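The structure appears right after this line, and notes come after that.
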Amino acid sequence: MSGHGTPIPMTSRACGPLQGAAQVPGDKSISHRALILGALSVGETRITGLLEGEDVLDTAKAMRAFGAEVTRDDDGMWHVHGVGVGGFAEPGHVIDCGNSGTGVRLIMGAMATCPISATFTGDASLNSRPMARVTDPLALFGTQSVGRAGGRLPMTIVGAADPVPVHYVVPVPSAQVKSAVLLAGLNAPGQTVVIEKEATRDHTERMLAGFGAEITTEVTDEGRVISLTGRPELRPQTIVVPRDPSSAAFPVCAALIVPGSDVLVPNIGLNPTRAGLFETLREMGADLTYENLREEGGEPVADLRARYSPALRGIEVPPARAASMIDEYPVLSVVAAFATGATVMRGVKELRVKESDRIAAMATGLRLNGVTVEDGPDWWTVHGLGHGNVPGGATCASHLDHRIAMSFMVLGMATQSPVSVDDGSPIATSFPIFEPLMAGLGAQIERVGA
Ligand code: S3P
């Protein structure tokens, strides 16, 4: 598990053109949900393309601990024999969700209306992240929780034996919170209603409908009003997980900044609640095209083609787009360093409570590498130096955060001097094949001392 083992320092240096096809792994958000909803249906759910990163493997282990049978066959297909809505058994041990905020928050929701208790923990990053955003709405169902000061893990959740449905307006733009409430609502009789003012990723709603739940979304003046009828019988599904746009972001952004590059990233999920980065890059002047746009398993999918883009311009990223690219700001800030002019990112307070404080982590590392960055509580600005002008040369802290580690590795591919991270091991949480995949395109990333 990342952060529990030996740190893996890594260095990335300027390389020749990146070329070829990058087969990035399955979508992390969809993979967690496929395992959890599979565990809540009666019968066998089959999943292909599941992300086999540490975060998702921890969720698979957790589903076993709650009584589901979860196996992988030699062809890479996952089989989940679920226990049905309300059928979770009490785990016989502490549930360790590793580095995964999505894993722990969704699982807390899924067990919150079952008459069982469970204790959750994670690595140092996860144990420092706020959980009250989930336990507050779960308390409305009748769920109890006891954690550390500030609502931190380790934490025990006592599920509601006699849950009531809830009506909840999500106070922060968070798909994790929305999903936790919806998953808890599954085992509450009657209608659970969740309202979000800003649209966040909607994989839970789409997948619940696919598993046969009665769920509707209405766009009103209040925001998106999502209504779920409790106690459905979920029907097992065959799920093909699309490839992860958040992982695609790394080879795409690398191709834009490395001279001469031309990279194809096939089969990328382009759900509009996830695709904000690509729109932003195009506004910055990126040579990024969608080829073969189609629909697969209820999600829009395309092949992304990214080519070296020497004339990138800094822009003001519309705050309304933040939720649709929340995990991509770190790597966007790297691209912004190679643009001309300032890239201003506002309305991004949530970045401060991710696997790390991502504004602080990126601002500090970019400054060490010669880039001017300003930041405030919910905004930051990167002053681009233009192609060929970013010095590099520094070692950055990854703070147990996969996306910070990968972003600095992308930075080093086009800086004057190599860029290092103190620990690349967290990359395995979401993108275990990052190093061989980038090497296959022509990148030069080395494990220091290996
Ligand atoms: C996720 C939602 C996002 C995102 C995370 C995955 C999900 O978090 O940052 O990596 O799968 O629901 P928030 O919903 O808390 O913003």
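In case you wondered, yes, glycine gets a Cβ from its N, Cα and C as well.
As recorded in TrEMBL, the features of this protein are as follows:
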ACT_SITE  ASP327  active site, proton acceptor
BINDING   LYS28, SER29, ARG33, SER174, GLN176, ASP327, LYS354  3-phosphoshikimate binding site
BINDING   LYS28, GLY101, ARG129, GLN176, ARG358, ARG403  phosphoenolpyruvate binding site
DOMAIN    16-436  domain 'Enolpyruvate transferase'
REGION    1-23  region 'Disordered'
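Across the residues the record lists as binding 3-phosphoshikimate (LYS28, SER29, ARG33, SER174, GLN176, ASP327, LYS354), the two Cα atoms farthest apart are 19 Å from each other.
In this structure, the C-alpha atom of ARG129 (phosphoenolpyruvate binding site) lies 7 angstrom from that of LYS354 (3-phosphoshikimate binding site). Here the CA atom of LYS354 (3-phosphoshikimate binding site) lies 9 Å from the CA atom of the residue listed as 'active site, proton acceptor'. Under DSSP, residues within the region 'Disordered' (1-23) fall into helix, strand and coil as 0 helix, 7 strand, 16 coil. Neighbour count (other Cβ atoms within 10 Å of the Cβ, all protein chains): 28 for SER29 (3-phosphoshikimate binding site).
On the 0 to 100 pLDDT scale, the domain 'Enolpyruvate transferase' (16-436) averages 97 in this prediction. Proximity of the binding-site residues (ARG33, SER174, ARG403) to ligand 1: a Cβ under 6 Å from the molecule is found for SER174. Other C-beta atoms found within 10 angstroms of the C-beta of ARG403 (phosphoenolpyruvate binding site) number 28, with every protein chain shown included. Reported as a whole number, the C-alpha separation between SER174 (3-phosphoshikimate binding site) and GLY101 (phosphoenolpyruvate binding site) equals 11 Å. Note: the CA-CA distance between ARG403 (phosphoenolpyruvate binding site) and LYS354 (3-phosphoshikimate binding site) rounds to 10 Å. Looking at ARG33 (3-phosphoshikimate binding site) and GLY101 (phosphoenolpyruvate binding site), their Cα atoms lie 13 Å from each other. Straight-line distance linking the Cα atoms of SER29 (3-phosphoshikimate binding site) and GLY101 (phosphoenolpyruvate binding site), rounded to a whole number, equals 11 Å.
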